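So that you can see what the record holds, here are the features copied from TrEMBL:
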| type | residues | note |
| --- | --- | --- |
| ACT_SITE | HIS117 | active site, proton acceptor |
| BINDING | TYR59, ARG62 | substrate binding site |
| BINDING | GLN99, ASN100, ILE101, ASP102, GLY183, THR184, SER185, ASN208, LEU209, ASP210, ALA226 | NAD(+) binding site |
| BINDING | CYS125, CYS128, CYS144, CYS147 | Zn(2+) binding site |
| DOMAIN | 1-240 | domain 'Deacetylase sirtuin-type' |
Amino acid sequence: MTQHHPAERIVVLTGAGISRESGLETFRDADGLWSRHNIADVCTPEGFRRDPMLVDRFYNGRRAELASVQPNAAHLALAELERAAHDGRWNGELLIVTQNIDDLHERAGSRNVLHMHGELRRVRCTSCGATPEWLGDCLPDTPCPACHRPTLRPDVVWFGEVPLHMDRIETALAGCDRFVTIGTSGTVYPAAGFVAQVRDHAETVDINLDPPQVPTLFDRTLIGPATRMVPQWVIELLGA
Ligand code: BV8
C-alpha cells in the first residue's frame, strides 16, 4: 500500500501581532500591555501568590475585551488554508502553534491549533486540576465547579512555567518543510528558539510589521500588516 506523503507540512507560529488589527493589544509595542502592567506582578506564579486579585483582574479585563473583538483577515486566511488541505485544493498539512491566549484562530474556523501559552477562556483548579471553559470574571474566592474549592487560576502559562503541548510541537517542528512566524517579536522562549531549530530542514518565513531581530534566521520576510500579508501569502501558496 503506497504511503500518501503530503506535499508540504507547514508549522505557523503566531504572536500578539496577528490579533492587533482585531483590536487586541500586543505586549511590547509602545502602547502594549507591558507598558501599563508589570510582568512580575501579573504574569508569574510568584505574582499570583503575592496578589491573586490583581492578577485575576488583569485576566478578567482581557477576557471581557475578547468578547468585543472578531477574527481578522489574517486569522480567516489561515483557516481557509486548513480548509483547502481538507478538501484537496492544497496538498499539504497546516499546524498553528500560537503564543496567543485569545480564541480568534478557532473563531475564524481553524481547528489544528495548539495554544502553547494557554487559553484566556479557560481557568484551572490548582486542587483538582479541572480546566473548565470560563467566559466571565474569576476571583480568588470563586469556587471550582468540580471540587468547589476556591483554588482557580487563569489557565495560562506564566514566566518560569513549562509551556503546553511541547511534545507535539517538537514533533511537528522536526517534520516540517516550511516554518512561518506571524506577528511575533521573537523575544520569549522556547517559542523564540523554534526558527533556529528548524532552519536546517525547513524554509523559514517571517511576516511582521517590522524586520526580524535576526534577519539571517529567515529565508524570506514579508513586511506589512498581517491582514494584508497573510492573505497574500495564502493565495500565493494555493496558487502555486
Ligand atoms: C520556560 C501567557 C522552561 C500569558 C506568556 C532562554 C533565554 C532567556 C530566557 C529564557 C530562556 N528560556 C526560558 C526563558 C525565560 C522566559 C523568557 O523567554 N523570558 C524572556 C522575556 C527573555 N520563558 C519562560 O519563562 C517560558 N517557560 O521557558 O519554561 C521550559 C522551556 C522549554 C521546554 C520546557 C520548559 C514561558 C514563557 C511564557 C510566558 N507567558 N503569555 C499572557 O498572555 O498573559 S508570554 C507572552 O509574551 C505571549 O504569550 C508571547 O509569548 C509573548 C509576547 O510576544 P509576542 O506575541 O511576540 O508579542 P510582542 O508584543 O512581543 O510582539 C508583537 C509583534 O507583532 C511585534 O514584532 C510587532 O512588530 C508585531 N505586530 C504588531 N502589529 C502587527 C504586527 N505584525 C503584523 N501585523 C500587525 N498589525
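These residue numbers are counts, starting from 1, taken along the chain as shown.
In case you wondered, yes, glycine gets a Cβ from its N, Cα and C as well.
Note that TrEMBL annotation is computational and uncurated.
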### Message
Can you tell me how many other Cβ atoms are located within 10 Å of the Cβ belonging to CYS147 (Zn(2+) binding site)?
### Response
12
### Query
Which one of the binding-site residues (ILE101, CYS144, LEU209) has its C-beta surrounded by the most other C-beta atoms within 10 angstroms?
ILE101
## Note on the structure
Counting Cβ atoms within 10 Å of each Cβ, the densest environment among the binding-site residues CYS125, CYS128 belongs to CYS125
#### Entry: Span of the NAD(+) site, taken as the largest CA to CA distance across GLN99, ASN100, ILE101, ASP102, GLY183, THR184, SER185, ASN208, LEU209, ASP210, ALA226 (Å, rounded to a whole number)
22
#### Entry: Inter-residue Cα distance where the pair is CYS147 (Zn(2+) binding site) and SER185 (NAD(+) binding site), in Å
39
### Query
For ARG62 (substrate binding site), which residues in the same chain are close in space, meaning a Cβ under 8 Å from its Cβ, but six or more apart along the sequence?
LEU24, ILE101, LEU120
### Message
To the nearest Å, how far is the Cα of CYS147 (Zn(2+) binding site) from the Cα of the residue listed as 'active site, proton acceptor'?
### Response
25
### Summary
Listed in sequence order, the residues of the same chain lying six or more positions from GLN99 (NAD(+) binding site) whose CB sits under 8 Å from its CB are LEU13, THR14, GLY15, ALA16, MET116, HIS117, THR184, VAL188, ALA191
### Query
Which whole-number value in Å describes the distance between the Cα atoms of ALA226 (NAD(+) binding site) and TYR59 (substrate binding site)?
25
### Summary
binding-site residues ARG62, CYS144, LEU209: those with Cβ under 6 Å from an atom of ligand 1 are LEU209
### Query
Going along the chain, which residues six or more apart from GLY183 (NAD(+) binding site) have their CB under 8 A from its CB?
THR14, GLY15, ALA16, GLY17, ILE18, SER19, ARG20, THR26, ALA74, ILE207, ASN208, LEU209, ALA226
### Message
Between the Cα atoms of TYR59 (substrate binding site) and CYS125 (Zn(2+) binding site), what distance do you get, rounded to the nearest Å?
### Response
15
### Query
Looking only at the domain 'Deacetylase sirtuin-type' (1-240), what is the mean pLDDT?
96
